[in-house]
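Take a look at the structure below.
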């Protein structure tokens, strides 16, 4: 099988939506029966995003095989059926780390290690490895053309076009075409200069995606084509749109997939986008709306909870409800009290790290439990629900996590000290262990308790969900908590770790140690989020009565 490569770059400004554009194109190609995957190459020097601040970088998306990756991989999985893995995302830091390790080992036989050829060769090797077994691999280059950090990646893909052959490579460049109200027209000069920048490093774009707040007129697209040396049919207008799920149809309507298939000599049927049309229809025709409060630590940057926000929307699609998400800083709950939680139809507490705002989350869990408000706790959201229940129901005054209070009387959440790595080797960790790459992370099997609410929602006895945490329920104190009425609804494969808890005497109170948001998609949704949004709608109706 010959793999075809589409290299996606961005110019003029950042945040043009390269990831969404790449994922949308991948969705069309997949709908044509092609085996497609997507890669994200990040130019920062961190080895991975695992220890980066969520308020700077956004969420860390966890893959099935346990890689901590860029949030764009979440977009990729929500748009195509192919599951991402650690092969789909790497950084400058990872490349340099690998090359330096080989140099120390003597693999280069004493050669002088340089950006060209050693770094660029390592980049090319990883791209080829990531694309193995696929008809088409889209490779998104992070950053903006002209950034110093991106140069080794751009040089690597330039070389790949020569080595793999232009018949199997295509350069797709996203660029900004701004509208100037004073002139009453769109301006193409920024695009021309962005392409000029690409040409200066030896890359001639084959497709231009013109981002604008409006449709770029045909005469302006013709002008761009002429001055940028690109066929007119390969200059695509991508205007701002009210739903990202309309983008596959928008790109297809301009013949982008036909152009690419012809370029790669791929003989495949027309794309059937009926699934995406159904998603757009459900989104545009809700039967009502609910308001869900998300109580978190990183609400200043909604991208820190990108997958949770999208999963809530997917839950809304499955219930024909618009989900209005109210982001609430957990510290506001501490200072202003539970008044900030009034008028919500449900409460969700997502994952997080560190003690700041934890007491506010505990107050929110308490409010949901005592007022029969539907509650979904994820990761830390489960741990705070457990601490709240232990304190106020099970009689464990001051119950806490050893993450926050190491010497507390009732450590209902504690650090797991023994882990097994992907090779089955036991690793011992403590509070002094490195933060990066030292968590229980990736897909883990979970056995659901017969008769539980989650068993009913999933419709399966055994599930696989993705984790990212260091702390777990302390089994030494579990029996006392269960005796007070909390039900363990899911256990790990070895039956040693608590994965899900729920309250049988509450209309809908579920908390899980894993991150269900990472496996939710607009086409399929997710059982927990669908059930949670449904419960929010039921709560709203009860309040009206």
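Backbone N, Cα and C atoms are what each Cβ position is placed from, and that goes for glycine too.
Note that the coordinates shown come from a computational prediction; the quantities given were computed from them, not determined experimentally.
According to Swiss-Prot, the feature active site, nucleophile maps to 379. Cβ neighbours within 10 Å of residue 379 (active site, nucleophile), excluding its own Cβ and spanning all shown chains: 23.
Residue 515 (active site) has a Cβ environment of 25 other Cβ atoms inside 10 Å. Among the features that Swiss-Prot reports, active site is placed at 515 (among others), with the record citing sequence analysis.
When other Cβ atoms within 10 Å of the Cβ of residue 517 (active site) are tallied across all protein chains shown, the result is 29. Swiss-Prot lists 517 (among others) with the feature active site, giving sequence analysis as the kind of evidence.
Sequence annotations record features per position, and here Swiss-Prot assigns CTP binding site to 14, 147, 148, 149, 187, 188, 189, 190, 191, 192, 223. Secondary structure at residue 14 (CTP binding site), taken from DSSP and collapsed to helix, strand or coil, is coil.
In the three-state DSSP reading, residue 190 (UTP binding site) counts as helix. Taken from Swiss-Prot, the feature UTP binding site applies to 14, 187, 188, 189, 190, 191, 192, 223.
Residues or ranges marked as ATP binding site by Swiss-Prot on the basis of sequence analysis: 15, 16, 17, 18, 19, 20, 72, 239, 240, 241.
Secondary structure at residue 72 (ATP binding site), as computed by DSSP, is helix. Sequence-distant contacts of residue 72 (ATP binding site), defined by Cβ-Cβ distance under 8 angstroms and a gap of at least six in the same chain, are 18, 19, 23, 40, 61, 140. According to Swiss-Prot, the Mg(2+) binding site annotation covers 72, 140, on the basis of sequence analysis.
Sequence-distant neighbours of residue 381 (L-glutamine binding site): residues of the same chain at least 6 apart with a C-beta under 8 Å from its C-beta are 348, 349, 350, 351, 361, 365, 511. For 352, 380, 381, 382, 383, 403, 470, the entry in Swiss-Prot reads L-glutamine binding site.
Summarising the annotation, Swiss-Prot assigns domain 'Glutamine amidotransferase type-1' to 291-542.
Annotation comment: Swiss-Prot describes 1-266 as region 'Amidoligase domain'.
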Minimum Cα separation from residue 191 (CTP binding site), reported as the residue among binding-site residues 15, 403, 470 that achieves it: 15
Alpha-carbon distance [residue 379 (active site, nucleophile); residue 517 (active site)] in Å: 11
Mean per-residue pLDDT computed across the region 'Amidoligase domain' (1-266): 95
Top Cα neighbour of residue 188 (UTP binding site) in the set of binding-site residues 148, 240, 380, 383: 240
Cβ-based isolation winner (fewest other Cβ atoms within 10 Å) among the binding-site residues 140, 240, 403: 240
Residue 470 (L-glutamine binding site) CB neighbourhood, other CB atoms within 10 A: 18
